[in-house]
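**Q** Quick one: this structure, given as structure tokens, is what I'll be asking you about.
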Amino acid sequence: QRTKRGGWAKGRKRKKPLRDTNAPKSPLTGYVRFMNERREQLRAKRPEVPFPEITRMLGNEWSKLPPEEKRRYLDEADRDKERYMRELEQYQKTEAYKVFSRKAQDRQKGKSHRQDGARQPAHDHEKEADTKERSVFDIPIFTEEFLNHSKAREAELRQLRKSNMEFEERNAALQKHVESMRTAVEKLEVDVIQERSRNTVLQQHLETLRQALTTSFAGVPLPGSGETPTMETIDSYMNRLHSIIMANPQENENLIATVRDVVNRLER
């Protein structure tokens, strides 16, 4: 009976993947470093929270972490990757690596032979399809194929992370710009209110001054026309009075004395 691809027959025990205990320690990603650092802190603060919920909470915290804080973990991860690649390059020159590589290849060959013997001749066309669709987990580790695949995934991951960081930085910059604009608008609104208040006070003072001038100069007619001021004409009256005095001060000494007396009374 045909089994589903990728599944395991009932009662069959899945073999553990071959592990090289002499290989360099695999690098940790920035996210894993953040999780390891924050997990114990969070569990100490909230011991009642189950482990899956802590993982979910830390995932949300990581996604909202500012780019400048996230950069610390990512830089540490980059340094750890560089360390791993250096140690891996040195390890591949050792006899221990050669022994492990032969074991991995022998195991892969044995697996292929078992799979070939279990298939029926009528299913030969599936063999070719299965070979093409072989998953990443079938690639023997530390082989040239594995390293090339790992490098390709690393390059893709770096590009995605770079794009993600750029978007986060742009978003943070836009957010700061929005906050700056909001602060500027609020300041302008306060300035407008203050200016309106000052204008109201000045307008009231101007009306009071016009009223006082109209009352005080009511008994001072302009030479020639005999005009006296009203609230509607006080501005033009004061302009003409000033022009008359400045045009011929010697002939208007009495008028000047009267104006001086009125002004002195206003200042009291």
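Note that Cβ sites are derived from N, Cα and C of the backbone, with glycine treated the same way.
Quick paste of what TrEMBL says about this protein:
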- 24-92: DNA-binding region (DNA_BIND)
- 150-191: coiled coil (COILED)
- 1-17: compositional bias 'Basic residues' (COMPBIAS)
- 66-79: compositional bias 'Basic and acidic residues' (COMPBIAS)
- 103-134: compositional bias 'Basic and acidic residues' (COMPBIAS)
- 24-92: domain 'HMG box' (DOMAIN)
- 1-28: region 'Disordered' (REGION)
- 59-79: region 'Disordered' (REGION)
- 101-134: region 'Disordered' (REGION)
**Q** Roughly where does the DNA-binding region (24-92) sit in mean pLDDT, to the nearest integer?
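**A** Reported value for the DNA-binding region (24-92) is a mean pLDDT of 87.
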**Q** With Cβ-Cβ distances below 8 Å as the criterion, list the same-chain residues six or more beyond the ends of the region 'Disordered' (59-79) that contact it, or say none.
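**A** Same-chain contacts beyond the ends: 27-31, 33-35, 38, 161, 165, 168-169, 172.
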**Q** Please spell out the DSSP helix, strand and coil residue counts for the domain 'HMG box' (24-92).
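**A** Helix/strand/coil tally for the domain 'HMG box' (24-92): 54 helix, 0 strand, 15 coil.
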